[in-house]
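Scroll down for the structure; my scribbles are underneath it.
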Amino acid sequence: MRFYSAHYSTTRHAQFSVSPMNHIACVLHWQVISTVLKAQAVERQVAFQSHPCRLLTSGMTIDKPLRYEEPAMLVDSHFHLDKVLGRSGYTNWGDLQRDLQGRGHLELAVSFGLHPHVVCNAPSKKLDKHGVLAGLPQCCAIGEVGVDLTTKCHCSPCGDPHECWRTRLRKRLDFLSEALQIARSLGKPVILHYQDYVSGEAAAQTLSTIQMMDMSDHIFHRHCFTGDAQELRQRQKELPHAKFGVTMKSIQDARTVALIQPERLLLATDAPCLPPAPGCRLNHPWNVLSLAKQVAFIRNTQPSLLLKVADANAMDIYGCPQTCHPVDGLQY
């Protein structure tokens, strides 16, 4: 309490009188606990436990607290490097490209695509350049690409909203088909994005295009999966080699997150586009650690084990060096 008073109070107190009526509330107040923990070493923070038994939302108990038994590598399977650096004021993109090309060991694997939001208004020069960039050795995947039906019409005024909607959909499907063709010819995985207002039309159009091109067996990263348990089972059956990216938005449906097959699970922050928590707009790739803790809690496993599995999945789908060995026995 003296520490809390000295660092976080407007006045310092030498003595404290704690009445029997509120002494437990004083000691267990979350601000007091948080402040005291921040002043401790990492080892003591990890060892902290308030009760020898923890209760999960499922009703199951954990006899020992979840803790890291060994250091784990963190892999964010999807974030927007250009936007992350742009918000930090980074402007020298030429140096960044040389840095990426000149390094022997890459911590970054780069994909090239055009978000469905911008495909309709993208100049033909940018569309043509996509194929060139996708063929670079530094490119490990194509995407994100797909169908997004939440974009509003920017015509002012719009003479025929229905025709405008059909035109935008046609452009997105044309670019998706082109991107799928490039991915097949180069043997690279595809990062899929599809979204609509609960109608399921975007998913249906995307899956129809994939099946029409006979690419159901291709490797896909279903980015920011927010479907329910029924859709998950259907997608795992329709796309046998697809992996599903879990974000902060995905964990709102804990039941579905728990049903994702371990070998198909990916962790992604989608930084800085997706907020890491309600009311918080600042997102960055290292928030993947916080995401891993929450997903581990939902799946009733250790965060270090979940990180190993998800990291191995990400490195496998993108062909990155296996600096972290996969874990045997993925049934958790």
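From the backbone N, Cα and C atoms, a Cβ is placed for every residue, glycine too.
Feature list (source: TrEMBL):
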BINDING   Glu144, Asp270  divalent metal cation 1 binding site
BINDING   His193, His223  divalent metal cation 2 binding site
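Sequence-distant contacts of His193 (divalent metal cation 2 binding site), defined by Cβ-Cβ distance under 8 angstroms and a gap of at least six in the same chain, are His115, Pro116, Gly143, Glu144, Val145, Gly146, Val147, Asp148, His223, Cys224. Counting only residues at least six positions away in the same chain, the Cβ atoms of His78, Phe79, His80, His223, Cys224, Thr247, Asn283 sit under 8 Å from the Cβ of Asp270 (divalent metal cation 1 binding site). With a 10 A radius on its CB, Glu144 (divalent metal cation 1 binding site) counts 25 other CB atoms from all the protein chains. All protein chains shown were included, and the count of other CB atoms within 10 Å of the CB of His223 (divalent metal cation 2 binding site) stands at 24. Under the three-state DSSP scheme, His193 (divalent metal cation 2 binding site) falls in the strand class.
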